[in-house]
Amino acid sequence: MTIETFPGSSGYNLEPSPKTKISYFSNSYVLRLTITAGIGGLLFGYDTGVISGALLYIRDEFPVVNESNFLQETIVSMAIVGAMFGAAAGGLMNDRCGRKKATLIADVIFAVGSIVMSAATNAYILIFGRFLVGLGVGVASVTAPVYIAEASPSEIRGGLVGTNVLMITGGQFLSYLVNLAFTEVPGTWRWMLGVAAVPAVIQFFLMLFLPESPRWLYMKNEKSKAIIVLAKIYDTDRLEEEIDQLSVALEEEDQKNAVKYWDVFKTKEIRLAFLAGAGLQAFQQLTGINTVMYYSPTIVQMAGFVANRSALLLSLIIAAMNAGGTVLGIYLIDRFGRRRLALTSLFGVILSLVVLSLAFSLQSSESFSWCNTDSLHQNCKSIFGWFAVLGLVLYIASFSPGMGPVPWAVNSEIYPGAYRGVCGGMSATVNWISNLLVAQTFLSIAATVGAAATFLILAGREAVEREGMG
């Protein structure tokens, strides 16, 4: 079974209409909906990236944090714990309250969490703020792809959902710029974390002027409102076709009772679709991507670039590669196919993790006689440090076009309408659980077995995953 032929995907017509083909920039209304909803992805990305730089300065202000890898991991991963709860609740919230209201609620929670973090007087208040921010991010991670997919024509849906991932990577890039901007400002990390409230407030007010998802409106028997929205997306001929598809989907769902979590596993087609979608979400995080983004400056410091500002600057280059690769992914996903793109991406990820492992192994090795003299030892450390940075860049360049957008695009497409909210929430929760597993253990494992062995473990795990997908 390939990603393109998952069962249970009858909720969407994945083939473009033969009548009128829409391009990415032919409808400004769809783009406006996509970009505004995608700010939820920006919040996700900003939070992922900003903590990586803020952690360097949090360690300086709170000695107890500097002395404990576990506390550092907890500050990073508590947002993931919050996101797990947010994603789980977000699926039901989407189905019952609608995509628009779910987004507004996520914005409020995120903004409050940002303020709590910036005002924290100790590590534990900071951890609580991270939990609140995570709740908002979790709801947004479920809502944004679904909202975008339900307002997108089928022939450009993959790319537009990929735009949400571009907003995630753009948020990460923005966070590194903000981190650099505040390195010399008093209260460095407080500004870094507090500024996160700004995009949440912007999205809140923009969403007030946007409609609810046309599909959700139609399913809630607000057909006239749904048709008004659809009329802004499609021309007259295509509009009739889309309304007919929604009518068929509504008839199918009227024959079913309200979907509960355990209903997902009762039907073989839905169960297989969910296992495929959740599996992709797990694979995405088990590549270690958010570990790289959470700890990028720390990894760069491990490679020998110990100054905070130097580590942040090099991490900015990595974040820029992430955003650039995502743009490439948006172009390829509807041309190259989900499965081929994911497998190619995983191959590059495995190769780059091996490069990273080799770089850290060489850096810590004393077996190279030509490097053992005092005059050459420091030069060798520097060379291997740049080798590690090259591995990080290759890693991001491989991950971002494929395993970045593919899991979110697939999960927005493969479930029938009645199951979309519940399955989307459950698969996003799998994403966050996998994220937590890696983020909460990375520093401790690296301290125990070394950075080289840690990246080699990740490479071995990805080889197994790629074999399973092949």
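A Cβ is built for glycine as well, from the same backbone N, Cα and C atoms used for every other residue.
Residues or ranges marked as transmembrane segment by TrEMBL: 29-58, 70-92, 104-125, 131-149, 161-182, 188-210, 311-333, 345-362, 383-403, 436-459. If you look up TrEMBL, you'll see 33-470 marked as domain 'Major facilitator superfamily (MFS) profile'.
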Cβ contacts the transmembrane segment (188-210)/the transmembrane segment (383-403), at least three under 8 Å, sequence gap 6 or more: no
Averaged pLDDT score, the domain 'Major facilitator superfamily (MFS) profile' (33-470): 83
Stretch among 29-58, 70-92, 104-125, 311-333, 383-403 sharing the most Cβ pairs under 8 Å with the transmembrane segment (131-149): 70-92
Close approaches to the transmembrane segment (104-125) from elsewhere in its chain (Cβ under 8 angstroms; 6 or more beyond its ends): 40, 43, 58, 62, 64-65, 71, 75, 82, 86, 90, 93, 97, 131-137, 139-140, 143, 190-191, 193-197, 200-201, 203-204, 207-208
Contacting positions for the transmembrane segment (436-459) when only residues 6+ beyond its ends and CB under 8 Å are counted: 69-70, 72-74, 76-77, 80-81, 84, 285-288, 290-291, 294-295, 298-299, 302, 350, 353-354, 356-361, 364, 391
Outside the transmembrane segment (311-333), six or more residues from its ends: residues with CB under 8 Å to it: 49, 52-53, 56, 158-159, 162-163, 165-166, 168-170, 172-173, 175-177, 179-180, 183, 292-293, 296-298, 300-301, 305, 341, 389, 392-393, 396-402, 404-406, 409
Contact call for the transmembrane segment (70-92) against the transmembrane segment (29-58), three or more Cβ pairs under 8 Å: yes
